[in-house]
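Notes follow once the structure below has been shown.
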Amino acid sequence: MIYLKTDEEIELMRESNLLLGQTLGELAKWVAPGISTLKLDSIAEEYIRDNGGIPSCLGYSGYPNSICASVNEQVVHGIPSGYVLKDGDIISIDLCVLKNGFHGDSTYTFCVGEVSYDVRRLLKTTKEALYLGIEQAVDGKRVGDISNAIQSYCEKKGYSVVREMCGHGIGKHMHEEPEVPNYGRRGCGPILRSGMVIAIEPMINMGSRNIVIERDGWTTRTRDRKPSAHYELSVAVREGKADILSTFKYVEEVLGDRFI
Ligand code: MF3
Ligand code: CO
């Protein structure tokens, strides 16, 4: 069952996603060599609560924290810990915010200090793929058009697409239908209709697409331990052009010319 949102509901979702974007902007100020991922988690939780939101990853299926902090070869669902970021790391921070009864969902992969050209190229490609996917999120197209745009771009650049995890519909529930895979065929899958809200989230690996889940039951990493990137925005499908509800604007303001 796909829930179409009214214009009013989409405005409420824009608010959840605005707070989420601002939280990522706050985190951007702190991501640097020497900070632990657990400290980033507490900064995010406090910022969200102080601004009237709920960090909705916390407690979701028993998830223990407010953010997912996935470093280097970790793909998604890295559990914040005492790990201290070091120069040359990358960290994908994925979080959900519940406000006005609606969830927002967004992820940004940050560089920690100086990151190699090869890894920065992976990040840039993944973010570009996200926007290529978003271009397809218009009324009358199909989910496979989004999937194919992401897959073909990333594979053309020599990277691989994680298959086991997907983007998704979002609204009153963090995960709603439809699934939005990052691989697939043009013209296939559910038809996109104005009022659908989906989180598009390419998870792209430098090496092979294979992943393993660590013994903690959450942390997902590449099998070959090569780096992985992840960017995510929640968008409303519209006629002609998608309406991007979450935003990297605040991250960009903080990072300036370090913004990839
Ligand atoms: N933002 C993630 C997603 O898109 C949700 C994290 S799962 C959680 O699926 F359990 F950590 F919340
Ligand atoms: Co998501």
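From the backbone N, Cα and C atoms, a Cβ is placed for every residue, glycine too.
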Record says Asp105, Glu232 bind divalent metal cation 1. Source is TrEMBL. Which of Asp94, Asp118, Asp216 does it list for that same site? Asp94
Write down the one residue from Glu45, Glu46, Glu73, Glu201 that TrEMBL lists together with Asp105, His168, Glu232 as binding divalent metal cation 2. Glu201
Glu201 (divalent metal cation 2 binding site) has how many other Cβ neighbours within 10 Å of its own Cβ? 27
Output: those binding-site residues from His77, Asp94, Asp105, His175 whose CB lies less than 6 Å from an atom of ligand 2, in sequence order; none if no residue fits. Asp105
Beyond Asp94, Asp105, Glu232, what residues of that chain have CB atoms within 8 A of the centre of the divalent metal cation 1 site's CB atoms? Leu95, Cys96, Ser106, Thr107, Ala199, Glu201, His230, Ser234
When you rank His77, His175, Glu232 by Cα distance to His168 (divalent metal cation 2 binding site), which of the binding-site residues ends up on top as the closest? His175
Check each residue in the chain of His77 (substrate binding site) that is at least six apart in sequence and keep those whose C-beta is under 8 Å from its C-beta; list them in sequence order. Tyr63, Cys68, Ser70, Asp94, Trp218, Thr219, Thr220
Rank aside, I only need the closest one: which of the binding-site residues Asp105, His175, Glu232 has its C-alpha nearest to that of Glu201 (divalent metal cation 2 binding site)? Glu232
